[in-house]
Amino acid sequence: MAQPLAFVLDVPETPGDQGQEPSPYDESEVHDSFHQLIQEQSRWVAEEELELQQRELGTPGSGHQTLLGPEGASVRSTATLRILASMPSRTIGRSRGAIISQYYNRTVRLRRRSGRPLLGDVVTRSARPSLRLYDLELDPAAQEEEEKQNLLVKELQGLSAAQRDHMLRGMPLSLAQKRGLREKSQTPHGKRRGQPGHGGVFSCCSRLRYACILALHSLGLALLSGLHALTPWRYALKRIGGQFGSSVLSYFLFLKTLVAFNALLLLLLLAFVVGVQAAFPPGPGPGPGPACTGLELLTGAGCFTHTVMYYGYYSNTTLNQPCGHRLEGGQCRPGAGGLPYDMPLAYLFTVGVAFFITCVTLVYSMAHAFGESYRVGSTSGVHAITVFCSWDYKVTQKRASRLQQDNIRTRLKELLAEWQLRQGPRSVWGRLRQAAVLGLVWLLCLGTVLGCAAATHAFSEFVIQGPGAAGQEVALLALPLVVCLLNLGAPYLYRGLAALEPHDSPVLEVYVAICRNLVLKTVILGVLCYHWLGRRVGALRDQCWEDFVGQELYRFVVMDFVFTLLDMLFGELVWRIISEKMRTRRKPEFDIARNVLELIYGQTLTWLGVLFSPLLPAVQIVKLLLLFHVKKTSLLANCQAPRRPWLASHMSTVFLSLLCFPSFLGAAVFLCYAIWQVKPSSMCGPFRSLDTMYEAGTAWVHHLEEAGPRLSWLPWVYRHLVENTFFIFLLSALLLAVIYFNIQVVRGQRKVICLLKEQISHEGEDKIFLINKLHSIYESKERKEGR
C-alpha cells in the first residue's frame, strides 16, 4: 500500500516493503513497538525482584524503555511505565477481540429492539478500549476471542439477511475476516430456523427471492452508473484538478453550479408557463409566419418570433375555461375540463417565485461555500495530512491511481507555494513603489472602462436612429458584435497592464483582474439596460418591444459563445502552434479571471431575459454544456499549468458572491423596474391590456373579492405581503442578517478552535511535566527501598 505514496513523493521502495499488507487493526504488526512495551511491563511485574537486581548491577538488557521529553532522555521505572500504559491517550489501535465484543453488543441491542430472545450476556469492552482494562495483560487468550466470535456468529444468525449484511459491512475488519464471519453465520441449506421439515421449499423460495433482489439491485446500479456517465464532468474534473490545480478547477466547478441554477429556473418556467401555453396554444395569426432560413440561430428572429420562445406568444386570457362560466377576456373551450388557468397571473407569479427560489438557493450556496472554504484549522498540519492521509486505498484501476497521484502532487505544490508566499515581507520603499504603480494602472483601467461605456452608448444610439436597421436581420447583430469585441479586447489590455504590477501573490493578481473585469461588465450592462428599457421602449411603442428585447438578449448570449470560441481558436490554439513551431514550449496559461467573468456576464444576460424570453435558460444550459467540453478540450491541448501554483481555497465563495450581489441583484432590479414602471405593449403578450405588468395581480385580487367572503384572506395576504414594501425590505434585511450571522458564527468558531488548540498544547505540556514529576518521585522511592 506504500507504492502510490512512494510514487508521489519519489521515495524509493525497499525490497522488504513489497508484499507486506498488515491489517490496520493487528496490534502485533502495526503497533509493534507499543505491544513490546506492554509485554515487557507484564514480564517486569512477574520478575520485579530480578529487574531491581539487574538495575543495581547496571547490566544491559534490563528491558527498560525510554521516553523522550523536553528535559532529555531518561530511564523510566516500572511504576511510571504502568501509569503511562494506563493513560487514555496510550490507547493506540483496536484489537480484534475488542472489535468482536463491540459488534456483539450491537447485534444484541438490535435483537432486543426486534423482540428476539438473547443468547447470553458477556462483559465487553468499549469501542476504543483503554489499556487499563487489560490489567497490563494485552496478550489476549485465543480461547476467549474464539468464544466471543462464536457468540457473535450466533447473534448474527438470529438477524435477517439484510441486517446481517449491514452489520458485517460496518465492521472495521479485513475482508477475509468478514468473509469468515459471513460463512459461519449463514444458516444451513435445506433447513430454516424454527421450521424444520420444510427446508427444501423454503430454500428454493429464498434463493429465488435473493436472485430477484440481486437482479434488481444490479439493474439499479447499472442505471445509476449510466446516468452518472451522462454528466460531462464525471472524469474530467479529476483530471483537470490533477494537471492544473485547484485554481483552474474552480472555473469548471463554477460552470457546473451555473448549470444547476439554470436547470432549476427552467424547470419552474416549463411547468407553469411554457408547458401550459403549449398545451393551449393561442389562435393563428393573421397571416403565415416567416420561413426558417437558418439565420435564426444567430439572430433569434424570423420563425422563432411567434413561438413559446418569446413573450409575445403568450395569451392574456384565462385558459381551459368552460363556456358556461366564461369570464371577460377568457378563452372558451366547449370540452374543457379541470380548473381555469389565468395566464397573465401565472406568468407574473412564476417569474417572481423562480427568482425568489433562485435567490434563496444562491444565498444558501454562498453560505455553504463560505463555511467550507473558510474552515478554521484547515491549513494547520495540512502538509502532513496531504502526504500521509490523501491516498484512497479503494482505488484499484491504473488510470484512477495515476490520476490520484497527479492530484496529490499538484496539491503539495500548491501548499508549498502558499507557504512560501508568507515569507519575507516587502520593505517600505517597495510598498510605496507598488502602490504608485497600482494607482497608475487602475487609472488606465478606469479610463478604458469609461471609453468602452461611451462607445457602447454611442453605437446603441446610432442603431436606434439608423434607417431600416430594424428590418434587416443581419443588422440586428451589429450591437452584439460591438459589445462582444469590447468585452474581448479590454481584458487583454488589462493583462498587459497587469504585467507592470509587482504582485507577489498570484491569488491577489487574480482578484485584481476579477475586479477590473467586473467593473467593465457592470458598466456595459448598465448602458445596455438603459438602452433596452429607456430608448427601445419609446422607439418601438407601436410594436412588441418585449419580443425585441428578448431577441436582443438571445443574440447577446449566442454572440458571447461565438466570441468565446474565437478567443480559444486565436488566443490559445494559434499561440500553441506558434510556440511549437518556434520550439519555445511556452503554452498560454488559463485566464481564470476573464473566463469566470464571462460566465457571470452570460448568466446575468440570462436572468435579464427571463421575463421576455422564458426559454432563454434552456439556451444558456446548452451553451454551458458546449462551453464545458470546448474549454476542457482546449485546456488539455493548448494550455499549461500555472507557472506559479497557488491554492484556490476561497475562489468558489468569491465567485458565488459576485454572482449574487452584482449579477443577480442587478437583474432583479432590472426586472422589478420593468414590472412596476414600464408600460407593456398593447400588441402582444399576457399584459397587453394593462398599464403595468404588476396590475395583473391587482386585477386578480379584485376578482377574489367579488368571488365571496371565503377567499377574503387571499386579498389580505396579497396587500400586506406583496404590495407592502415594508415586507420586501424586511425580507431583504432578514436575508442580509442571515449572511451576517453566518459570517459571525464562523468567526466565533475560529476563535473557539484557536483557544482549544492552545488548551491542547498546554495539556500536552502538563502531561510531560506530570510524567517527569512522577518519575522523580518513584526514583526517589526506589532509592530508599534499595538502601
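Positions of Cβ are set from backbone N, Cα and C atoms, glycine also.
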For which of the residue intervals 1-29, 88-116, 175-203 does TrEMBL record region 'Disordered'? 1-29
Per the Cβ filter (under 8 Å) with a sequence gap of at least 6 from its ends, the transmembrane segment (725-743) is approached by 359, 363, 366-367, 370-371
With an 8 Å cut-off on Cβ pairs and a sequence gap of 6 or more, do the transmembrane segment (345-365) and the transmembrane segment (251-280) reach 3 or more such pairs? yes
Should the transmembrane segment (474-494) and the transmembrane segment (553-578) be scored as in contact, given a threshold of at least 3 Cβ pairs under 8 Å and pairs 6 or more apart? yes
With the greatest number of Cβ pairs under 8 Å to the transmembrane segment (653-676), the stretch among 208-230, 251-280, 435-459, 553-578 is 251-280
Residues of the same chain, at least six outside the transmembrane segment (251-280), with any C-beta under 8 angstroms of its C-beta? 233, 236-237, 240, 308, 313-315, 319-320, 331, 333, 341, 343, 346-347, 350-351, 353-354, 357-358, 361-362, 365, 590, 592, 595-596, 599, 603, 606, 610, 614-615, 617-618, 620-621, 624-625, 627-628, 631-632, 652, 655-656, 659
Helix, strand, coil residue numbers for the domain 'TMC' (544-649) per DSSP? 78 helix, 2 strand, 26 coil
Could you tell me the mean pLDDT the prediction assigns to the domain 'TMC' (544-649)? 89
In the same chain, which residue numbers or ranges, 6 or more beyond the ends of the transmembrane segment (435-459), come under 8 angstroms Cβ to Cβ? 478-479, 482-483, 486, 490, 493-494, 497-498, 500-502, 516, 519-520, 523-524, 526-528, 530-531
